[in-house]
Amino acid sequence: MTTLSPEAFAGHTPMMQQYLRIKADHPDTLVFYRMGDFYELFFEDAEKAARLLDLTLTQRGASAGTPIKMAGVPHHAVEQYLAKLVKMGESVAICEQIGDPATSKGPVERKVVRVVTPGTLTDAALLSDKNDVYLLAMCTGHNKRGVAVNIGLAWLNLASGALRLAEIEPDQLAAALERIRPAEILTPDGATDAIPAGAGASKRVPAWHFDIASGTQRLCDQLDVASLDGFGAHSLTSACGAAGALLLYAAATQGQQLRHVRSLKVENETEYIGLDPATRRNLELTETLRGTESPTLYSLLDTCCTTMGSRLLRHWLHHPPRASVAAQSRQQAIGALLDAPANASLDALRSALRQIADVERITGRLALLSARPRDLSSLRDTFAALPALRERIGAIVANADALARVDAALAPPAECLDLLTSAIAPEPAAMVRDGGVIARGYDAELDELRDISENCGQFLIDLEARERARTGIANLRVEYNKVHGFYIEVTRGQTDKVPDDYRRRQTLKNAERYITPELKTFEDKALSAQERALARERALYDSVLQALLPFIPECQRVASALAELDLLAAFAERARALDWVAPTFTDEIGIEIEQGRHPVVEAQVEQFIANDCRFGTERKLLLITGPNMGGKSTFMRQTALIALMAYVGSYVPAKSACFGPIDRIFTRIGAADDLAGGRSTFMVEMTEAAAILNDATPQSLVLMDEIGRGTSTFDGLALAWAIARHLLAHNACYTLFATHYFELTQLPAEFPQAANVHLSAVEHGHGIVFLHAVNEGPANQSYGLQVAQLAGVPAPVIRAARKHLAYLEQQSASQHTPQLDLFSAPPAAVDDLECADAPALPDTPHPALEKLRDIDPDDLKPREALDLLYELRTLVRSHDADGHA
């Protein structure tokens, strides 16, 4: 706790002194200070909140001679304001009144009960149902010379309790953060590690929090183990330092221990198929290139019935396992679900899953003692539904090991269910303060207090009847209001009949209101009973939460099984609805896809042309040529997506598919300027290409699209040619290489492992029809002018382009315009790659033939046809005069 000098409080009121002490402990955090029905912010916090939340900034009095600037939000709407602030990367300390105003002699006692930060969200109102929120800490490991040798990462999903560790090379940080996507990143004070822009809100914490020995011990204490050997984390010293800082920070924000963080997963990069940031972006796994959530592979696959399944799907897509065993187990389960008997049909199973609550997040809130009444009723109803759910899958578990494992994990925790059933009302109120949360019959004292409150009406009816009979006042009434409580009302004309034990409580224009000793006694009992019932209910609810804590591991087990079952059922539904098949796997090098389809594009169009893709030891690179908009990029992406889906465990959009080992997927598709990093489009392209050339292995799948753009034609051609040869000669990876440099189609003559394929188009009238079919051999042209015409480029521009194209093609073979080279001339005989003959340029097409290709005879008038004939003769004579055959 921060200690302030007495001078800091001089002249401040006691309440402001209390606030300043609290604020001193949270200097970089907005403090929501509870005052009655509002959370107030003061001074700089008020100014900042008013700006961020569009609140009214007020000024009320002064403290120590300084005007008190204030802004506030109503307590019942605080969650919507918290959601806005954490989305902006802000943290908020919630300061509640914990003392009783009636007994406080000075300011009501207050303390910070929790700190809401971007990475520590657990409230349902602050969380996205289908996205996990991660808090990540990073700790750099150095050698004896002070050189960074690794970066230890620890990240926690506080809502579920999932904790993971990893150690990576320093240059892998951007890829790791892109995969994890933390909402908040903790780094040591003074650290120089550069966090990529947009990676998450950054928070500096004291460097001693990252002490490796302390972190290791804190991690052991958290997991209740003597050693981390059983988790495979004993050698991850940097990651243990990061974990120590992470656990310390997370516990401090919650103001309590993290009871649900009881296990640890160590992630190794060799465990999953590598996907760098460019690949995740270009394949549009969970986000489109435009930044929208659909249409993506995730949006297509996500037909999950629970939010737990949806979140697990996102995790699986970003973590495809390299070992095919996991994928085969999942696909076996999908097959069993598709072949299930009528009493365990897929539709019936999914219908049952729709009734399941978010057990994972409810368990997290339960562990933090922040679960609300309807969380507990939802947990109860879910556990009650588990036996029927297990009956549905019981008939098919013998056909799938994954389903058998899920079935065993779905055994409901009986004691937990009994407690929830007996303690929680069938339909509880949203908040404990509203009452009606604890079930009748659970506590005798509460039942008695409720009876007093609930039987109030009958007592008043009986009292009114007795008093009318006793006094003879026929219109006497017994009533209640919040200001005066219970009273007996008598009209003016009947007051002479009032008995002596009536005491006047209020005089009205036409009536008098009285209280009697009997009514006063009842009033005291009834009003106190309601307050006592609410207090008793609060105490009972807290005791129920405490009693449920031992069941957290069982709740987590059930949540994990439900998420996996839901996702497997969603995969089965997609396979059935979209006509997908189970892929097969082999240990041999190769990829065989028969009639593959792009899963996302197919869902957006009426008809999709399926295509084959084949790789093997004798076929490692496909040179893809064809027209713009012909489908080259779609074909490339669909190959990568089908491979990824297969290893994730889904069925795939193809007639058949077989995959050998795949360790990484690389893409170099499209690019844009990196303005923030000061890199041009070409520089971005070359950086991505360099990563592929340096890291791709014979088991990597590489997508290269239009490499060499953004510089001069010959520089680009030379680079594309050299990169393609390097991928063949050195990387020997599976490569899809799309290009408009037709000169590269000669590469298979030098490298038999390369093959030409093309996508065709045919001209029809003035237009062009794309066939989208992949055929063997190179394309004959790219139809760039026709595509420009389709895009709406004005006709005069198209005609001018055609003429200039003919001129350029005529000149290109006879002369070469000097250009500024990216490279100096290479020295003689460096190696076989640099000394290899460059591809020869093809013969220039005859200009007369080019002219004829652009003619539609049906559109020519007789005079135009004659003029065209003379023009063609002139082109032929001119061409011959220049020495062409």
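Including glycine, each Cβ sits where the backbone N, Cα and C put it.
As written in Swiss-Prot, here are the features:
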- Gly626, Pro627, Asn628, Met629, Gly630, Gly631, Lys632, Ser633: ATP binding site (BINDING)
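Those same-chain residues not listed among Gly626, Pro627, Asn628, Met629, Gly630, Gly631, Lys632, Ser633 yet with C-beta within 8 angstroms of the centroid of the ATP site C-beta atoms are Leu759, Ala761, Phe770. The Cβ of Pro627 (ATP binding site) has 22 neighbouring Cβ atoms from other residues within 10 Å, across all protein chains displayed. Cβ neighbours within 10 Å of Gly630 (ATP binding site), excluding its own Cβ and spanning all shown chains: 26. In the three-state DSSP classification, Ser633 (ATP binding site) falls within a helix. Around Met629 (ATP binding site), a 10 Å sphere centred on its CB holds 19 further CB atoms from the protein chains shown.
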